[in-house]
Amino acid sequence: MNLDPGWLLLLSMSLEVWSVPLDRNATPQEAHSPQEDKQEDNVDTGLYYDRYLREVIEVLETDPHFREKLQTANTEDIKNGRLSKELDLVGHHVRTRLDELKRQEVSRLRMLLKAKLDSTNTQSEVFFKGLEDQDYICFLSHLLKPSVYPQGLQMDHASLLKQFEHLDPHNQNTFEAKDLELLISTATKDLENYDAERHDEFKRYEMLKEHERREYLKGLDQEKREKEEKRMEELKDKHRKHPKVNAPGSVAQLREVWEETDGLDPTEFNPKTFFKLHDANGDGVLDEQELEALFAKELEKVYDPKNEEDDMMEMEEERLRMREHVMKNVDINQDRLVSLEEFLKSTDKKEFNNPKEWDTLDDTKPVFTEAELQRFEAELHTKEEELGRRAESLRQEQDLLKERGKALEAQRREYQQAVLEMSQRKEKQAVEGQPPTGPNGELQFHQEMQKLEDQGAKAPVEQEVQEAQNNLPAEPPQNLPIHT
């Protein structure tokens, strides 16, 4: 799927390809199949509605009219929702497919919502039972009203409401201009906060790593602790010993890519040619992935996945820092894309030819303070206590299930014993020629004997009837005198 710069504004992370610097010295590779190319296209934006966003874009780009408008639209037209009005002019088959995509997304959000309720309180099963489609919409529109929940059901209202900001929850069946406007505005806002969220995740990762380090050392005796602390310091010192890292976006850094990666003469470095070489998809701009690909050589100086002292999570944070540095100095209109004009203007700045030395994460102050670490550890302690309570509750439930299992096993054995005794009793009676007994020990007779008894009881009665019939005269007397 070839996306225009306008859509790249929404996605930020390019959906076309991971942009890799050209290697002139590399041996030719076999052509990729269309399926392999499609897999390369699937670069996740990090948005929870990433798939829905991709599919909507793919469908809209199949309409010639909308695609033409997109090519001529600027970033402001996309941001302010002016482009959304063009949705009314797309073909019927496009609208039908968009309607279908929205219904699928609404269905997915319902499942997310129910899963959230299920994980919060088992009363949700009763709450959702028999809920009609129109009731879902009513429910979504009243997410902030606690009165709509069953008593005792606690919900994270803000988190749930956020899940529906990218579409209109009041209309679940059709994709309208408002849905496109909401999708664009929400994606733009979320992508603007994406880098901040990545920094926050890295901070939590570093605090967890430090917490685990301290806990590990705390569990050692004095001699082993000193020995381990010395080993850790040696690893840190080894990590700090690396070649000089050029400032990202500087002439030294770009010349290094030009020479070592592109295989070109460093004396013939040309910014315009460099830009076109690394505009991998030829859309006239460098997106964030194409920029980050330029920093591979610098990152290799500091990080090697084979080395124990090198943390690959730190490498990704360093890559993000480099990209933000370049965007801050080059991206004039802050559309998260670098045009050729912006790129050439940046080469005229003093910082391009005489940049300050780049400070890596090791050279900067820690990403967290001691106070932040203490708060983080308090959160961990609270979560550990909660997990402990849940584990204890599960253990008690497990013990109860074991007791019930033992009781059921005892009942099963008693039943098997009773069946065995009854079978043995029947076999014994069959050997001794006695009639079998019933459940309560009463004698049971065979059906043949019962038939004989019934026939014997009926025989005297039938004999008396036969004798009475034999004693009757065969014919009444004939020609008897008539008495007058």
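For all residues, glycine too, the Cβ spot is worked out from N, Cα and C.
What TrEMBL annotates here:
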type     : residues : note
REGION   : 220-246  : region 'Disordered'
COMPBIAS : 220-237  : compositional bias 'Basic and acidic residues'
DOMAIN   : 266-301  : domain 'EF-hand'
REGION   : 418-484  : region 'Disordered'
COMPBIAS : 474-484  : compositional bias 'Pro residues'
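Within the same chain, residues 213, 308-309, 362 sit at least 6 positions outside the compositional bias 'Basic and acidic residues' (220-237) and bring their C-beta atoms closer than 8 Å to a C-beta of that stretch. Residue counts of the region 'Disordered' (220-246) by helix, strand and coil are 19 helix, 0 strand, 8 coil (DSSP-based). The helix, strand and coil residue counts that DSSP assigns across the domain 'EF-hand' (266-301) are 23 helix, 2 strand, 11 coil.
Taken together, the residues in the domain 'EF-hand' (266-301) have a mean pLDDT of 91 on the 0 to 100 scale.
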